[in-house]
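Swiss-Prot lists K282 with the feature ubiquitin cross-link. What Swiss-Prot lists as phosphothreonine is T219. According to Swiss-Prot, the N6-acetyllysine annotation covers K264. Look at Swiss-Prot and you will find 1-39 tagged as repeat 'WD 1'. Marked as repeat 'WD 2' by Swiss-Prot: 43-81. Annotation source Swiss-Prot lists repeat 'WD 3' at 87-127. As annotated by Swiss-Prot, repeat 'WD 4' applies to 135-175. Annotation source Swiss-Prot lists repeat 'WD 5' at 180-217. The repeat 'WD 6' annotation in Swiss-Prot covers 221-267. Residues annotated as repeat 'WD 7' in Swiss-Prot: 275-316.
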Amino acid sequence: MKPILLQGHERSITQIKYNREGDLLFTVAKDPIVNVWYSVNGERLGTYMGHTGAVWCVDADWDTKHVLTGSADNSCRLWDCETGKQLALLKTNSAVRTCGFDFGGNIIMFSTDKQMGYQCFVSFFDLRDPSQIDNNEPYMKIPCNDSKITSAVWGPLGECIIAGHESGELNQYSAKSGEVLVNVKEHSRQINDIQLSRDMTMFVTASKDNTAKLFDSTTLEHQKTFRTERPVNSAALSPNYDHVVLGGGQEAMDVTTTSTRIGKFEARFFHLAFEEEFGRVKGHFGPINSVAFHPDGKSYSSGGEDGYVRIHYFDPQYFEFEFEA
């Protein structure tokens, strides 16, 4: 399995994301550049220039018309996907940690960090109302007083958002009223990543407590646990197999004191039902910060602390592989 290597960032990758069809791959890093690539051959299509700090999150809407990015320069920006033109600039008081379009692409949400004396907020904007964008006034703002949000996604049908916190808590906030619908605490440490399944019925969380866990999207009922010996930075569900891929590794500050072999910087594949590991893919030098499955399930990508993104197309053996219970 020879990967395609994407070199478009000078700093550590923070998030990678495919669009719905999977023909484009968006990558953001701890530099101000937002890149978009053809996923089939790794050719760089273009960049979205404008941010002045590390970019923490990226999302594309349903029909890949708009791209949304959130950055440590205290702004969330909306871009025209095709032309790279900046359509909106939403200023915040602290860094934007997570962002996302709802199912219809009309409503955006983003969460800000708890820093510099400012509270962590989740803001909701309706793109159909230009006055909200012009006046930088969201139609709803949810304060998070206890522990800041470290990852968030829209729930099924855009009725709620699912948010993971620094404390390991998982919340479901209503997108209509802003109230907390469900609250669970299955992780003991920070939740680094949340990714939904293709049909949005379940999602996987990746946590600093060395586990990834599977939950039901509507009830937040905990279903499966995937254990490793290292903090898990990202986890993604296969769209057509019962497989989950985990990416992680040591904290950046511990990395220099160990060899890469001890660091365990592989992408690890687990069976969804049996919670058993069945494969690993080496390659990155340093921890893996973000993983994503292609929507057709025939390839996956990973972005690492080394600043590289690798696109892996699965070998035929992967598709013939039968897991023996």
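Don't overthink the numbers, they just go from 1 along the chain as shown.
Heads up, the Cβ atoms here are built off N, Cα and C, so glycines get one too.
In this structure, the C-alpha atom of T219 (phosphothreonine) lies 36 angstrom from that of K282 (ubiquitin cross-link). Using a Cβ-Cβ cut-off under 8 Å and counting only residues 6 or more beyond its ends in the same chain, the repeat 'WD 4' (135-175) has close neighbours at 90-91, 97-98, 100-104, 107, 109, 111, 113-114, 119-126, 129, 181-196, 200-201, 203, 205, 207, 209, 215, 217-218, 220.
Residues of the same chain lying 6 or more positions beyond the ends of the repeat 'WD 5' (180-217) and with a Cβ under 8 Å from any Cβ of it are 150-153, 155-157, 160, 162-174, 223-237, 239-240, 244, 246-248, 270, 272, 290, 292, 295.
A 10 Å cutoff on Cβ-Cβ distances gives K282 (ubiquitin cross-link) a total of 11 other Cβ atoms nearby, all chains included. For the repeat 'WD 7' (275-316), the neighbouring stretch richest in Cβ pairs under 8 Å, chosen from 1-39, 43-81, 87-127, is 1-39. Packing against the repeat 'WD 1' (1-39) from elsewhere in the chain are residues 45-60, 62-64, 67, 69, 71, 73, 79, 81, 252, 281, 283, 286, 289-296, 299, 301-315: each is 6 or more residues past its ends and has a CB under 8 Å from a CB in it.
Through the fold, the repeat 'WD 2' (43-81) approaches residues 6, 8, 11, 14-15, 17, 19-21, 24, 26-37, 87-101, 103-105, 108, 110, 127, 133 of its own chain, all at least 6 residues removed from its boundaries and within a Cβ separation under 8 Å.
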